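Notes to accompany the following structure.
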Amino acid sequence: MKALEEKIKKEGIVKKGNVLKVDSFLNHQIDVSFLDKMGDEFQRLFQEHKINKILTIEASGIGIAVMTARHFGDVPVVFAKKSKTSNISDDLYHTRVDSYTHQKTNDVVVSKQYLNKNDHILIIDDFLANGCAILGLIDLVKQAGGTVEGIGIVIEKGYQAGGRKIREAGYHLESLAIIDSMDDECGQITFRQV
Ligand code: 5GP
């Protein structure tokens, strides 16, 4: 999505540790009309799928998931929670997710009430790096017996392994921008031409 690449170039900040900050429109302040455009684009990319629910992970996936849901006829959005305890409960699906930005492992949970075998899920997240967050969300859908119809990512860091793993596993993955390289010294970002 050209407009997204332009926005990242203008507003994104490349941090040490291979982290891109896009706090001005996605991760801290939210540019609602821009997220609405991205939601519209996800609808176009996944229009052949029958989707009845969107799944994301707190916190930064929620905004884009909600805007995307508007374009799929107001389907519900479920966000997986990073639980503070690892208590096993019968009412929750659990999975373990290594956090890329916080370098810790989270026990991630969704209530069994909100995911089930009839669900046809579009998974949405802000970033794709090594794929831990998305693989965790796929695991939650599988535990519920639901179907992953597709995976929509705002920014994929294409030089990390996540995208390859998920495509090789056969999932329909669409990223609105794919970064091929970024340099924290000069702030240069190169996008994959698709
Ligand atoms: P993964 O699990 O694919 O390794 O990393 C994806 C998750 O880590 C996303 O949910 C996102 O919150 C966070 N993340 C990974 N890389 C970046 C980055 O460069 N910038 C920001 N803001 N978040 C990132």
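Every residue, even glycine, has its Cβ placed from backbone N, Cα and C.
Marked as xanthine binding site by TrEMBL: Leu20, Asn27, Lys157. Residues or ranges marked as 5-phospho-alpha-D-ribose 1-diphosphate binding site in TrEMBL: Ala129, Asn130, Gly131, Cys132, Ala133. Annotation source TrEMBL lists domain 'Phosphoribosyltransferase' at 43-158.
Annotated features, which come from TrEMBL, shown on the structure.
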residue: Leu20; record: xanthine binding site; Cβ within 10 Å: 18
residue: Asn27; record: xanthine binding site; Cβ within 10 Å: 17
residue: Ala129; record: 5-phospho-alpha-D-ribose 1-diphosphate binding site; Cβ within 10 Å: 20
residue: Asn130; record: 5-phospho-alpha-D-ribose 1-diphosphate binding site; Cβ within 10 Å: 15
residue: Gly131; record: 5-phospho-alpha-D-ribose 1-diphosphate binding site; Cβ within 10 Å: 21
residue: Cys132; record: 5-phospho-alpha-D-ribose 1-diphosphate binding site; Cβ within 10 Å: 20
residue: Ala133; record: 5-phospho-alpha-D-ribose 1-diphosphate binding site; Cβ within 10 Å: 27
residue: Lys157; record: xanthine binding site; Cβ within 10 Å: 24
Next on the checklist: Give me the sequence-ordered set of same-chain residues, not including Ala129, Asn130, Gly131, Cys132, Ala133, with a C-beta within 8 angstroms of the centroid of the 5-phospho-alpha-D-ribose 1-diphosphate site's C-beta atoms.
Outcome noted: Asp98, Tyr100, Leu128, Ile134, Leu135, Gln160, Gly162
Checklist outcome for this item: Whole-number Å distance separating the Cα atoms of Leu20 (xanthine binding site) and Cys132 (5-phospho-alpha-D-ribose 1-diphosphate binding site) is 17
Next on the checklist: DSSP secondary structure for Ala133 (5-phospho-alpha-D-ribose 1-diphosphate binding site), reduced to helix/strand/coil, please.
Outcome noted: helix
Checklist entry - For the recorded xanthine site formed by Leu20, Asn27, Lys157, which further same-chain residues have Cβ atoms within 8 Å of the site's Cβ center? => result Gly12, Val19, Lys21, Val22, Asp126, Phe127, Ile155
Item to check | Helix, strand and coil counts within the domain 'Phosphoribosyltransferase' (43-158) (DSSP) | outcome: 30 helix, 46 strand, 40 coil
Checklist entry - About how far apart, in whole Å, are the alpha carbons (Cα) of Ala133 (5-phospho-alpha-D-ribose 1-diphosphate binding site) and Asn27 (xanthine binding site)? => result 16
Item to check | Integer Cα-Cα distance in angstrom, Asn27 (xanthine binding site) to Cys132 (5-phospho-alpha-D-ribose 1-diphosphate binding site) | outcome: 19
Checklist entry - Could you state the CA-to-CA distance between Lys157 (xanthine binding site) and Cys132 (5-phospho-alpha-D-ribose 1-diphosphate binding site) to the nearest Å? => result 13
